[in-house]
Every structure is written in C-alpha cells, then in structure tokens.
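Data first, discussion second: the structure below is written as structure tokens.
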Amino acid sequence: MALDDGRIEMRADEGRYRLLVESITDYAIYMLDTDGTVTSWNPGAQRFKGYTAEEIVGRHFSRFYSEEDQAAGVPARALMLAETEGRFEAEGWRIRKDGTRFWAHVVIDPIRVGDELVGYAKITRDLTERKKAQEALHASQEQFRLLVQGVTDYAIYMLDMDGHVASWNQGARRIKGYAPREILGRHFSEFYTEEDRAAGLPGQALATALAEGRFETEGWRVRKDGTRFQAHVIVDVIRDEAGEPIGFAKITRDVTERLENQRALEQAREALFQAQKIEAIGQLTGGVAHDFNNLLAAILGSLELVRKRLPYDPRITPLLENAVQGAERGAALTERMLAFARKQELTMQAVDVPVLVRGMADFMQRTLGGTIDLQLVFPGRLPKIHTDANQLEASLLNLVVNSRDAMPAGGSITITARTERIVERGGQLEPGDYVLIEVTDTGEGMDAETVARSAEPFFTTKGVGKGTGLGLSMVHGLAAQSGGRIGVKSEVGKGTTIDLWFPAFEGEVVDPIDGPMSVSPLGADRLLVLVVDDDNLVLTNTTAMLDDLGHEVLSASSGREALALLHQHPEVDLVVTDEVMPGMTGTELAVAIRARAPQMPVILATGYADLLLETKPRSLNLPRLAKPFTQAQLAKAVDASVERAA
C-alpha cells in the first residue's frame, strides 16, 4: 500500500513539473536523447523557434544551428561538453523554422539515471533584442572612440582616481608630444610646470573636480620636449552606475595662438587709441600754437618797431630787449608744439646718420659730463634718410639729455643705427626699407603708464621748472613728418630705448621752391602791398612793418574784402596773406588772384608753417613766411617775391 502511494505521489510531481514547463513561453525547454534527437517540446520553444511539437519531435536538434556551425561540428561538441563537463553554456546565432536568425543563450545539462546517460535537458532563451542593444552600445562606443581619436585640436584622455593616464587620443599626442606607450600609466602632473607642481596644483585640480564635479582653468603646461604652451583645461569626474567616482575625463586645448592674437588685438586697439589721442592732442596743440604765433607776431613786430624808433635809454632799452627775448622763447616753445603737431617747418635733405651723429658726438659728451659713457655703434654701410638735419640733431640731443637726467649716478648711453624692412601692411609703418636709430640708456626706466604717455605734449616726469614736456613730443613730430615713427621700450630699473624709424632714402633731394627765408637787407623799392589777415593784431603789426619799410599798404580782414580792394586798386604790386582764415583760405585767395593777374606775387604767412606741397597747386609758386616773423624776414620775402615775378 505504501508503494502505491509513492507511485501516485511521483506521478503527481511529474504532472506538476510538466505543467510548469508547458506554461513557460519565454524559454524553449525541451529534451534530447543521447543522439541529440528532440524528445519533448514546450510552448516557449514553439513560440520563438516556430516549430510545433509534431513537426520537431524526433528530429535532430542541429537543425537549429546555422550551416556554418553545423559544418564546424558545433552541435556535437555542445553535447560532448555537456556530457563530459556536466554542463554546456554558450551564446550564438540559431535558426528559426522560417530561416530567420536569432541570438540565443543556450544551456545543456546531461540527464542521468544512476551512472547511465539517458539524454539532455536543453534551455534556450532568445536574446536578440539584448544582442542588438549590446551591438548598438558597442557601435556607439566605437564611434565615440573613433571620434575622440580623430580629434586633433583637443587632448582628450582619461585619468584613474590617482591621476594616472588611462587613455590617450591623437590630439593629446599632437599637443603634448607623447606617444600612448610613453605616457599611459604615468601621472598627469608631468604636464605641469615645476612651479605649479611645487604649489600642488595637479592635486588641487582633481580635488576640485571631485568636490564640485568639474574643474576648469587656463595656465602654462609643458610638452614632452620641455616647451611651454598656454592651455585651457577641463577636468570632469567619471562615475559608475551607482554614482561612485571611478576616474576623471580631462580635456586640454592649446590656446597659445588665441591668447597671442588677443594680446595683439588689445595692443592694436591700444595703439589705435594712443594714435587717436595723440592726433587729437596734436590738432589741439597745433591750433593753440597757431593762435599763439599770431599773438607773438604782433608782440615781436611791435617790440621791434618800438626798439627801432626809441633812442637808447639804459632804463628802457634793457627792458625792451628782455621783452623781445621772452617773446622769442615763446616762439621757440610754439615751434616745439608745432613739431609735435607735425606742423613745423622742415628743410628736407638727404642725411647720413652716422656722419651726423659722429659730428655732434663731442658736444653730446660734454653735455653728458664725465660720469656717463657715450657709445656709437653703426654698420659699415647705411642708407641715408630724408629729414631735417638740424631738427634731427636737436631731437637726438634731447633724447641724450633725457637719458642723462635718468642716470643721476652715471651710466652709459648707446646710439645705434641699422636697416630694417617692414613687409606686412596694417601696422604703424608702410612696407619698405627703414633706418632704425636707437638711443639706449642704463637709467631708471619707466613704468608702462609713463611709457604710454611719454610722447604727449606737456607731460614730463621732471620737477617743476625742469622741463616743458615737449622734448619727446618734438621727436615724435619729426619722425612722423619724415614718414616714420617713434617707439619707446622701457622697464623700471632696466633702462630705456627710444626707437626712431625713418624711411631709407636713395633719391636726389630737390630744394622746395618755398623753403624758409633767411634774413637779408631791407628792400629799397616802394611798393603798393595788400595785407590780408583775419586777426586784427597781426594785420596792424604787418601793416606797420611794411609802412616802416617805406611801402604803401592796403589792408583787408578777409579774402572777399581783399578781392574787392584788388578790383579797386589793380596797381597793387604784392599780396601778403594769412593762410588760415574763415570763408576763404590764403591758398584759395591766391588761386582767385592768379586767375585775374597771373603774375601777381603772393606770400602766404601762417602760424602753422606747414603748407604741404600736395595741398596747394605747385604751379602757384607761393613762398611761405612762418609766423612770428621779423621785419627783416618780411623784407626778404617781399624782395624775393618781387624779383621772382619780374
């Protein structure tokens, strides 16, 4: 009775297991005999293999394998391994009834009764979707790897938690110079400068990234060959699925060129600002000098006439001479102002720089004294320059004196010259060959702010009463009027170098037809002279000078009034006119006069004294008379103009 109960219980268990297997549809669960023939088939097997039990039971399980795997003996090897090792497990492609493939996870267990093998239990799961997801992930990872490796403008690499390099892309190799085999496993602090390593910056970068999730900065980094570059660096923390940090992603970009371009742009903007400021100050200074020259013309002219008409008086004459000297010093000051404004009168000629400097070397050395050594360094051959030799001498002397004042305890001054070629356009100088004159001292030097303001008129670092602040401004004006420029390089405690750039000159110098007049004896012929000036003080003074010379004078305060007087008095012998007048300039008046009387002599008198040849018709042949002028200079201009017209 107990035996029967046991059999009943076994049948019940068998029924339950069969019911369990038959209810599973996500797995193919079936039995094979020892030869691999299918002996049972569950609904799960039918669902994703496509066969019904009637179609597959009794047939060999190898039909589920691809032709390649069948030819390679994979089915038989699977059964052999299951039998010998107690279990076989693998993944691979399997074939459905309709011929389509699916990715299967397969487990085969041997079934034994005692020690006898009676068959195999086979469980198969369709993992096609998971396989696709894995392949998509792998493809994405491979694309990302190729992307990272393909980037050459950025160094992209991984660090472990201790900062050792774990990966290396082509950009890292290009920027830092290391091949992967040379750097993998080494600490990333090797890319930092010694100073930054000593300051602990590599560790701080990782600590900040770990604490804040990201670290970003710019600074100097070091390549394999020891050269430095400016780097923009980002360090991000890499975390696993649980959120635990497992390393760092580091991106480095070489921004040296960008920063250099930014600095160049900033320097260009600053240079443009300085140029615009200097130009504005120059225009203001030139205008002030023009008005001041008009005042000086009236003062000097009136003093000269008074001096002529008064007998010598020991109480009056010295005072008069003192007033004349004061006015002349004022004229010298306006000349410097006009030099800065590039409106001074220049006598242009070909100048041999070494010859000129050596010719004034003894005088400069005496000016410097015994505590300062003057050295001259010139090449064997040097092109000439086209400028005013007297003004260049004055400029160099001014620079030497400035250097002397910056070396109260003594030192050395070196004057050198060499040729330089400017190739690119867009700078402060036009492309071409230049002669560069450098005046270098070992003095106190200047800070950046002082250098920036050094060429401004009236700016000086000397004490009250020890300088006008116009010396370097005058040098600036001379260089600019000669087609060059001035440059200042200086650091506090390291001395100063002043650069003077002049275009190299190889041509012939032709004296201008309207060059400056020299003093000569007064004229004797009595003339009818028309004087034109919108400034009544100057008009009165010039009229008085001409009257004192014995000429008959007509006066007009504008170009239109002058033309009307000429119409009334066609017998006028000469016109002396101011250049800068409202309504009609002196040049415009001269053009109108020559249209009526082509041989009429006209003298242009101006406080600017810079009537550029290209701004007036050369055919007018107009002599200039710079204000303030003396009676002798006026007389010489009158005589020369009349002789030229004869």
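Easy rule for this one: first residue shown is 1, then count along the chain.
Using N, Cα and C of the backbone, Cβ positions are placed for all residues, glycine too.
Lifted from TrEMBL, the feature list:
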DOMAIN    13-70  domain 'PAS'
DOMAIN    88-139  domain 'PAC'
DOMAIN    140-197  domain 'PAS'
DOMAIN    215-267  domain 'PAC'
DOMAIN    287-506  domain 'Histidine kinase'
DOMAIN    528-642  domain 'Response regulatory'
MOD_RES   ASP578  4-aspartylphosphate
> Far apart in sequence but close in space: which same-chain residues, 6 or more away, have a Cβ under 8 Å from the residue listed as '4-aspartylphosphate'?
Replying inline: VAL532, ASP533, ASP534, ASP535, VAL538, GLY586, LEU604, ALA605, THR606
> What is the pLDDT of the domain 'PAS' (140-197) when averaged and given as a whole number?
Replying inline: 84
> Of the residues in the domain 'PAC' (215-267), how many are helix, strand and coil by DSSP?
Replying inline: 12 helix, 30 strand, 11 coil
